[in-house]
Amino acid sequence: MDTNETGTAVTIIGLGLMGRALAGAFLKAGHPTTVWNRTAAKADELVAEGAQSAASLADALTASPLTILCLTDYQAVHELLGAHGSGLDDSEPDDSGPHGPGTHSSGPHSPHPHSPGTHSPGTHSPGPAGTTLVNLTSGDSTQARETAEWAGRHGVRYLDGAIMAVPPVIGTAEAVILLSGPRPVFAAHEPVLAALGTVTHLGADPGLASLYDVAGLAMMWSVLNAWLQGTALLRTAGVDAASYAPFAQRIAAVVATWLPGYAAQIDSGSFPAVVSALETDARAMTHLIEESEAAGVNAELPKLFKSMADRAIAAGHGGEQYPVLIEEFGRPAA
Ligand code: FVH
């Protein structure tokens, strides 16, 4: 492991679109950067920019005090790190595998085919127990927690993460990087990770980064779908999307200001109708459904809103405020 006066050494494993952006940001910030990718040629440009190319996965895992993984999915992570010779071989100290007992995995000893131009994971490694793994691969909270347990069994410090940004903004404040896992591990590496963007530690539960990631996506798709519903309606009256967009933007911004107050209602479990009762919202939902149907526009989304509101009203919550719907969201669909 080395460091030099310009920065702490870091390793990136996985040089897809995102991994290359991460490595580029570390290089730009002056961190000695080691890279490894299954398809070796993807390292070439980074090497030309000053990165070191590790000869094997085992070399990559022992090159730096901090190793970032950014692969397609957790199956790829487990295939790679379970590979014999990575130093994370699950035959020692136990053999339950990164997925945990009874779950499907290609297995730590599955031979992984290496076609010409692909890197071998390598074979004789002392293991990566001296590095901290930060896994920025997208996945769910169960995968994150299982991978954290697996790392713990092998004496590897581990943070799980989620990237809420596209490759071109990596290295700027716009790039939101969410991390969860032991705070001392985060604190030890925060100054280096800050080269990637706005880095936030969410808590000790390694599943939190994945949960925040999908919660953020729920917000994004809900806002976009609501905007598309309105856009489709207005287009039937000759209003183009560009004309409606600024109005929709103002509505979204105003609604966003309601969230802290509504969150306080949810957390206290009390939903007094301060500005509007749910049954008033439900009547307006009927207008949206009727307008959509009359205009020949898809009404599935407003019907979904209405069916959830109707269930809450039937359960006696019609006189309470909108966030009382948390009770409908908090359980599986009937
Ligand atoms: N790109 C983006 O905008 C999004 C933004 C939000 C977060 N994601 C997540 O980042 C992960 C990587 O995404 P990516 O865009 O870099 O993906 P690719 O360009 O397809 O690169 C995939 C890399 O994974 C390697 N890989 C896949 N399977 C294996 C395996 N079994 N063993 C070893 N490496 C594997 C692949 O290697 P190669 O095909 O080049 O040999 C690439 O390095 C992802 O979780 C996004 O959801 C990005």
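Placed from the backbone N, Cα and C atoms, the Cβ positions cover glycine too.
Annotation comment: TrEMBL describes 101-128 as compositional bias 'Low complexity'.
Same-chain neighbours of the compositional bias 'Polar residues' (132-145): 14, 18, 22, 65-74, 76-77, 151, 156-163, 177, 179-180, 185, 188-189, 193, 205-211, 213-214, counting only residues six or more beyond its ends whose CB sits under 8 Å from a CB of the stretch. TrEMBL lists 132-145 with the feature compositional bias 'Polar residues'.
Summarised by DSSP class, the composition of the domain '6-phosphogluconate dehydrogenase NADP-binding' (10-83) is 34 helix, 15 strand, 25 coil. The domain '6-phosphogluconate dehydrogenase NADP-binding' annotation in TrEMBL covers 10-83.
Residues annotated as domain 'NADPH-dependent reductive aminase-like C-terminal' in TrEMBL: 205-330.
Here TrEMBL flags 85-145 as region 'Disordered'.
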